[in-house]
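One structure is given here, and the rest of the page talks about it.
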Amino acid sequence: MASGDGGDDAGVKRVADRYLKREVLGEGTYGVVFKAVDTKTGNTVAIKKIRLGKYKEGVNFTALREIKLLKELKDSNIIELIDAFPYKGNLHLVFEFMETDLEAVIRDRNIVLSPADTKSYIQMMLKGLAFCHKKWVLHRDMKPNNLLIGADGQLKLADFGLARIFGSPERNFTHQVFARWYRAPELLFGTKQYGSAVDIWAAGCIFAELLLRRPFLQGSSDIDQLGKIFAAFGTPKSSQWPDMVYLPDYVEYQFVSAPPLRSLFPMASDDALDLLSRMFTYDPKARITAQQALEHRYFLSVPAPTKPSQLPRPPPKGDSGNNKIPDLNLQDGPVVLSPPRKLRRVTAHEGMEVHMHRADRTEEHPSGARHMDDMSSQSSRIPMSVDVGAIFGTRPAPRPTLNSADKSRLKRKLDMDPEFGYTE
């Protein structure tokens, strides 16, 4: 690659003499993503420019993991890494260009998703996950905006910066992965030994988000997230999840019985509810796998999944206006009195007494909005895509990401891992 960054006749910047730089698509903590044209092929690409940092800090280990893993993961439902090269003190990763992502689809109120459309998106997501797990790779950051959609309608898993090889029974991982709303309960309870089941739980949350057109479980803290989970599926018993009480950050919750799953997803088919229940199984050892999910009767029943090329997609960027469905939280969570700590008991609903052990101070957090009592009775009149923003008129909640403490913890772990986590 040439070292110059000269401009062409149109004044467009070149990157490494091959890529014509276009507009910026997004920015993050470690760099920027911009659109570009590959002059060698004529194809539009997306380039992630990652800051390499100071000399002593070395190359960003997260980027190295992503490069290593994506070179091994070649599948129609996984983003393609086309090129990777250092240039002017930065590391550049070149990906195929994808027009939009699943979050944009979910939040666009002009898009009406049929049951066949939802089935198609879930099928493509699970195909990508099944391929990863077959190759012993955990994604660990499943969420709608990491599921990219191309011009042909194909959905592809992207952002493998937190992905890791798994399979060694004694290997420990950090539990501070995934955005909180998509974390499995075993991660919230602090487990450091886990497998592909954590990706399946997150995939279940995405399935639920497609059905509801809003994030399903919106906790404001880890302990509040567990409260949201238990309010939706009931407090797990030891018979359901024997290993739960031995997890490092286990917290005892007051028992709450599970509401009917139909009351949470009134428009979903029986087959969809059955698959959801298997993806949301508490015991990770009993949770359905991605391959088993693909063989579930949900994908064999009518209607058949929509062909990717026929799926609805949002308009180009800049034309969507305010057509986003606000994030709502229609479930009561626990009264949060302090950060998680061992040997405590927390009630799952407002107004109930909370029994605490070794808790020194209290902090209150607001609960989410309540379910509308008559929603199930109206299910026959409600389309598959619900304009919940118009129904409830609630301000959107901020979508969580890894916070600074999580990032610092991850950075320390990465800096101390000389093998980058590629080998067992």
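Just so you know, glycine gets a Cβ as well, placed from its N, Cα and C.
Feature annotations, courtesy of Swiss-Prot:
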DOMAIN    19-299  domain 'Protein kinase'
BINDING   L25, G26, E27, G28, T29, Y30, G31, V32, V33, K48  ATP binding site
MOD_RES   T29  phosphothreonine
MOD_RES   Y30  phosphotyrosine
ACT_SITE  D141  active site, proton acceptor
MOD_RES   S168  phosphoserine
MOD_RES   T174  phosphothreonine
REGION    303-337  region 'Disordered'
COMPBIAS  359-374  compositional bias 'Basic and acidic residues'
REGION    359-424  region 'Disordered'
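Shown on the structure are the features that Swiss-Prot records.
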residue: L25; record: ATP binding site; contacts (Cβ under 8 Å, 6+ apart): V33, F34, K35, A46
residue: E27; record: ATP binding site; contacts (Cβ under 8 Å, 6+ apart): V33
residue: G31; record: ATP binding site; contacts (Cβ under 8 Å, 6+ apart): K48, K49, I50, R51, N90
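Cα to Cα, Y30 (phosphotyrosine) and the residue listed as 'active site, proton acceptor' are separated by 16 Å. Most Cβ neighbours within 10 Å, among the recorded positions Y30, V33, D141: D141 holds that distinction in the structure as shown. Summarised as a single figure, the pLDDT of the domain 'Protein kinase' (19-299) averages 92.
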